[in-house]
Structures are given as structure tokens and as C-alpha cells.
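The structure under discussion appears below in the form of C-alpha cells.
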Amino acid sequence: MALDFSQPQKQSAAGILISGAYTLQRLIRAIIFPLIILVIKANKSVLIYAGFALLAVLIISIIYGYFYYLKFTFYLNPIKQEFIIDKGVFGRKNLTIPVEKIQQVNINQGFIQKLIGVYSLQIDTAGTDSKEVNIGAISGQTAYALKKHLLNGSEQNAMQSENIAEMIENPMHQQETPFIKIDVSTLFKIGLTSNYGRSVALLIGFGYAVLHNLKELFKVLDRDKGQIENFFASGFTMFSIAILFVALIIILLATNVIRTFIKYFDFQISRHQKSLLISSGLFATKNTLLHPNKVQITEYSQNYLQKKIGLFNMALKQAHAGQQQSDKEVKSGNMEVPGCSPREKNEILQMILSKLPNESTRYKPNFRFMNLPIVFWVIIPLAAYLIFYQYLPEIRSFYSLAIIYVLAVCFAIYISYTKHRIAVSEDFIIKQSGIWDISQEIIEPHKIQSISTSQFPWHKSLDIGHVTLHTAAGNISFSYGNYTEIKTLVNFWLYQVESKDKDWM
Amino acid sequence: MQHFTNETIDIQQLPKYEETALTAPASKYWQVMLINLIIFTLLSGGGLAILILIDEEIRANWAIFVGLFALIIIVLFLLYWASFKRRGFALREKDIIYKSGVIAETTTIVPLNRIQHVALNEGMLSRIFKLGTLHVYTAGGSSGEIRIAGVPIEQAKALKEALVQRLEVKTTNESE
């Protein structure tokens, strides 16, 4: 079916529903706790008014969605090769995107969109805010056809569009068999062994929100006599701490596994000539087309447990499009591959770097690498403890914990020292670091944007210095190395960057 | 492949960035820094004076506060001086080098073929002294950028022109 994009087009009519549903979802999320309080506290008449108010908001949001749908048009100007979006209910907004500036077209399907059977289409350009160029609801056919048109228009993207054309013939099922497919058991293993940090942060945030809101609830009910504080004050015996600890670990692991499943369920990578098509997600399927040239840093990591079961985590870090970007956008530029075997890891490396890193010279840091961490993590906390030891008799019995802490931290710092390495070869720079998760970040010299070296005055006679390689996807640093060696390396890298006119993107 | 063997032999013979002669910022720039420091001293000193006048407790111990304040200003003065003495830049055929640092001495090198764009800023004070700040942007984010302050404006304009011209040559080559 040929679709004519040169005429202004509307979104799929289901867009009204999508817009209404999103407004409602946002509204409910914002007022859920006050709402509960209201339901408990208020009398009937107030409740009825509140119900009416809510209904009115819902109706208004659907009406707004309807007008938004009416006013939202997009079309492709075939002569000027520009993609144009007109939108806005109250103020009009006209977005013009030259087709040649389009870097990437993403087609996604959120949970609600999956229910209705529509897709959203996002256009990535260098410089503009990606949220601006977002078509919320179009049919799968239109989405893929539009993607083809957009990427076809620019000659630079000719390669990519061929891949797209190939995909479009069979939009829902990819023709090529994915060369990496992560099955349920691998996901489960990865969920158990990685990303503890993020789950902990999530749980702390969630736990805090629940406690805070519970307290608000008690306050409203006039029953706040400090139950929560009392619970915490009285509950901390050694025994309950142990139970709490075990329960927390179980919750943590469960959260980790669930999170991994939601994000990476049915994870597939398939090859489309020179690009990689990555798709994953349990509720919302996310499709990303990734061009190996755009990957700036290739990272793989492994911890002790993963080493035993032979799995790697990988992250492909892409260039950030604009000058200043929020952390979230920077993160979205990173493609993560959860759990791949050594063979799959090498296959991806081969795809991205076009050859595998071979033998190289490894550089070690000086033992003074450990000085600062020891001051911050051992000496200062220990001094604080010893000072309090004089004045607070209660904490004296915890001295065994203090000893364990000091030993554990010293050990961790020593491990981080032994793992901090940089390996340099003709084609690659590999930085190894980590304490538990040992990661290897690989960059090619022509991806370097600029280089900084630095040295403290008191390290001059010791010939110790630091170097940072700035790339479009973040920095790579090597600290406390031999400064003479570092300077030689920097001159070598500068030579590599400056003598060849190899593009970094 | 012959190219390859040449490279490996030549590593020690490569041009050395650390031996490049650097141009220090204009001596007038030290006056700009001093005026900045004096403005800061006056503002914060005024704040302290008001506090001493209002608060009884602080007035009782005024000597300690004034002493601390003087110490901070002296330390700041020394840091400014150290920072001024450390600064230097050089334009080489293929890259631009900038050295700076208050305590640690940092040298940043941006290859010319990695420059995204160049900006020339003139602050109010700098304009009086006919100085400019050259800002060299790369795709490597703010930490990998170069800001050369206190360049005589004529020289800064010439530098910018030279860098921009090279950028244009590069982009026209690319579009062909």
C-alpha cells in the first residue's frame, strides 16, 4: 500500500484515546495519596463534588485530546525535502526538520498503545529536543512507511534505508533471524547477579515515598502518635535486624529480577547489513536501530558471580546529540545488552569495532592511587568514630563492626587498585576498572575529542600524573600513572587523531 | 602495512605536546583578575561589616571573624596568582593546547579536526582592558573544552578566524 506523505496527515484516531489516557494516568499518579486521604476523611457531599470535578477533568482532557488530534498534522515536503509537523491547540507550533538532518527514527509501542494497536514514532536529529518530534499514535504500517520515507530522503542514510526497506516488507516479524536472543533463564540469572545499585536506589526512593505518605495518612487520621518512629526505634534488636536484612535481600533480588524482565524481556539483536536492530520489553516494546559507527564507547562488564556462569553485561554508548543534555537523555543514548555469552560478546564487539582487541601494552597505576580513597573512606570515618567513642558510650559495643568495616573497605580499595588498568594497542584503548563489577571500556583512538593531562605539584618528582580522554559519550580516565609514559601515549594518540581524517561519527 | 611499521618506530620521535612553548595571558589580565577579587572582597566584606553591626555575639568576637576573612582573602589572592601564573596556550599546526590549574596543573589538547565551533566572549571588565575569552567547543562535553581567558582582543579575533576557517574547509570537504 502506497502512502502519500506529501499531503498533511493526521494521527490515527485512536490518538484521542491515547492522549486522554495519558492525561488521566498522569493525573492519578499525581494525586493518588491525597485522593486516598480524601476518601477516608471527607464526608459524602465533598466526595461527590470531588467525583464530579474528576469527571470534568477527564472529559476536558478527552476534549483537549480531540482538538489536539484535529490540529496535529504532519507531512513531507518532497521538493524541499523537509518533514513538517503542525501542532498546538491554543498556540500553533510549526516544526520543520530537514530530512538530511534526521539521524534516527524510533518506533515504539507503549503499554496503552499496545492495547489499542498503534505505534509512536520519534525522530532524532542532532541538536533538537527529541520530545518535540514525537507522533503519539499512528498505525504500524504508516509508521514503517514513514520511517522508510524519512530515511530514504537523505542520501547519507541510503545504507540505513535499505535496511529499513527490507524490514518494511515484513514489519512485524524481522526477516533475518536475530543473532542474539536472550532467553528467560539468562534474564533470570542476570536479574539475580547485576545492577544491585539501581534496584537499591529504586527501593529506597519507593520506601521513602511509602513511609512519608503513610505518615501523612496517619496525621490526617489524627492517629499519628509516632507509630512509625516507634516501630523503628523499638524494632532494632540484633535479631530483628538479621530478619530485616534477609527480607531486604529477598525483596532486592525480586525487584531486580522483575525490573530486568520488564526492561529486557524478549531481547533480540538482529543484523541489517551495517546496522543493528535491537528490540526488547515486556509491556512496551522498544525498537532501536543502531549504527556501529555512532557507538563511541563499547563497554562490557562482569562480576564474580557472572564469571562463574559465563555471562557478560554490555553497554554501547552513543554520542549525545546536542550540546547540553539532561542525564536521562544521555542514558537513553546507551544501549544495554543484558547477559551475553563470551561468544555473543565477541560477535557484538566484532560488529561494532570490526575487529577484536588483540594484544596490547598494559599500564598500571602507582600505589599512591590508594591514598585518597583510604583517607576518605577509612581514616576520616574512623576518626569520627573514635571521637564519638569518647562521648557516646552506646556506640562502644559496635567496635567489632568498625573493625569489619575498615578491613572490608581496605580490601575493596586494594581490589580497585589492582583492577585499575589501561591497555593500549594500535587500534584500541581499553580501560579496566571496578571493584565488584569489573568493566572494560573500549574506545578507538579516532573517537577521542580532546585529551587532558594533569599533575599535582607534589607528584612532580615522583613522575605521577593523570590523563582523561574526552569522547562524545563520556570520559575515560587513567589516574596515578607514570607521567612520562602518559605523555608518550598522549603524543601517540594525538598523532593518531590528527594524522588520519577518520570521522568519529 | 608499511605505514604501520613506520608508526611503531616513530613513537619516541613524535612531536611532544609537553615541550611546546606556551603563550601566557596578557599581563593586563592580572589586573582584571585583581579587580574581580577586589569587588568580591568589597561585597563580602560589606556583608561581614553589616553582620558585625547587627549581631551582638559576632560583634563580641569581631577580631576572629575579621581575621578569618583576611585569611580567606589572602588565600584567594595566592590562588588567583598561582592560577594566573599557570595559564598558557599554544596553537599548533594540528591542535590547540591550553594549560591551567589552581593546585593541579592541567593541560588540555583539542585536535583542530575535532572542534565543533568557536566562540569569542568579551566581559564588561575585559572589554575595558581590550581582552577576550576564546571558547573552543568539542563534542566531548564541557570537561573537554578549552576556555582561554585574557587574550588581547585583536589576537583573539585572529585566532578565532584561523580556527573557523579551518572548520569551514573541513565542512566543505565533507559535503563534497
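The backbone N, Cα and C atoms fix where each Cβ goes, glycine too.
Just so you know, TrEMBL annotations are computer predictions that nobody has curated.
Annotated features in TrEMBL:
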DOMAIN    A:81-149  domain 'YdbS-like PH'
DOMAIN    A:417-477  domain 'YdbS-like PH'
TRANSMEM  A:12-40  transmembrane segment
TRANSMEM  A:46-70  transmembrane segment
TRANSMEM  A:195-211  transmembrane segment
TRANSMEM  A:231-254  transmembrane segment
TRANSMEM  A:372-392  transmembrane segment
TRANSMEM  A:398-417  transmembrane segment
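With a threshold of 8 Å between CB atoms, the same-chain residues lying at least 6 positions outside the transmembrane segment (A:398-417) that come near it are 365, 367, 369-370, 373-374, 377-378, 381-382, 385, 389, 433-435.
The DSSP breakdown of the domain 'YdbS-like PH' (A:81-149) into helical (H, G, I), extended (E, B) and coil residues amounts to 19 helix, 32 strand, 18 coil.
Counted with DSSP, the domain 'YdbS-like PH' (A:417-477) comes out as 9 helix, 35 strand, 17 coil.
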